[in-house]
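*Asks:* I'd like to ask you about the structure that follows.
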Amino acid sequence: MATILRRRSLGNPWEQFANWITSTDNRFYIGWFGVLMVPTLLSATICFVVAFIAAPPVDMDGIREPISGSLLYGNNIITGAVIPSSNAIGLHFYPIWEAASMDEWLYNGGPYQLVVFHFLIGIFAYLGREWEFSYRLGLRPWICVAYSAPVAAATAVFLIYPMGQGSFSDGMSLGISGTFNFMFIFQAEHNILNHPLHMFGVAGVFGGSLFAAMHGSLVTSSLIKATSYEESQNYGYKFGQEEETYNIVAAHGYFGRLIFQYASFTNSRSLHFFLAAWPVIGIWLTSLGICVMGFNLNGFNFNASITDNQGRTIYTWADIVNRANLGIEVMHERNAHNFPLDLAGTESAPVAFAAALGDG
């Protein structure tokens, strides 16, 4: 009997490329969204690393007072950052070819726009890639929906908020201390701590942490014993096994009696949906809060909200926080805001009791 071997037709190069890109057998799934994601995230990462190490000072406020952000200009890992593009640039698109020279581009903070725009395109593509990979594997699409929460947060602080404020110099710096600086100034200008949407975000993050810790500890405490005392309990689970690895009835019984019956889930699917939805919705809402505050729909104002029978203000913690906000406003952008109107136009508000001054 004769055996005939024939080389399988692989089609044209485009088909080979398309099959490789969309193959779920690759160690690293690329996908069509990955074709966009890989170069943009690589560009953002390379520019960020180079700028963090070696970028010269940037005139962020547009008043000829450059701010140093790189390691070679005296910073460390904590203080270093990629400084936002100059207020003189505003919302203008500022690629390298728009500047008269590389020195001008660096002085005006061009690397910030390069990093941020490529990063945003990259994480949008990563979200699409999550959907694409789920689709090809026959999974439901909720992984990319969950990832949309941090994507919304990044979009809010790097794109929507600066657009609302009129300049990319108001965007968040790409560094540790720069992030804190952004938070302080945001509080001073928008009173974010008194904004309901931020409160939802706090509940989402803290609540999500609490629920994750509760769920993990309950499951770990109610594992079905499948090993001896000499082995780790983790060896009692075999990847892909059909049997449940923990006793949900025992976990429900414990938690239902620890709190009350209806605080404990009896359905594993609804439990895990809740664990995903709580932090995601919270971060969605706080991202929405950043966006609306970008257009100056600020937090609640309870300043001087309590008065005595003669109309004099009885100071509350809201007034103390307001004084801190005003102090932060005075300190940042000093040459641009020497005397904020809300400081110069009102009488001073004492923030200490008379006893603290030594009376009596």
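Including glycine, each Cβ sits where the backbone N, Cα and C put it.
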*Asks:* Among 86-101, 118-133, 342-357, find the range that Swiss-Prot records as transmembrane segment.
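*Replies:* Checked against Swiss-Prot: transmembrane segment maps to 118-133.
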*Asks:* For the recorded quinone site formed by His215, Ser264, Phe265, which further same-chain residues have Cβ atoms within 8 Å of the site's Cβ center?
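*Replies:* The answer, listed by sequence position, is Met214, Leu218, Ala251, His252, Phe255, Ala263, Leu271.
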*Asks:* In sequence order, which residues at least six apart in the same chain have a CB under 8 Å from the CB of His215 (quinone binding site)?
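*Replies:* In sequence order, the residues whose Cβ lies under 8 Å from that of His215 (quinone binding site) (at least 6 apart) are Leu271, Leu275.
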*Asks:* Please give the maximum pairwise Cα distance, in Å and rounded to a whole number, for the quinone-binding set His215, Ser264, Phe265.
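*Replies:* Across His215, Ser264, Phe265, the widest Cα separation comes out at 11 Å.
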*Asks:* Taking the Cβ of His118 (chlorophyll a ChlzD1 binding site) as the reference point, list residues of the same chain whose Cβ is under 8 angstroms away and which are at least six residues distant in sequence.
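*Replies:* Sequence-distant Cβ neighbours: Thr40, Leu41, Ser43, Ala44, Cys47.
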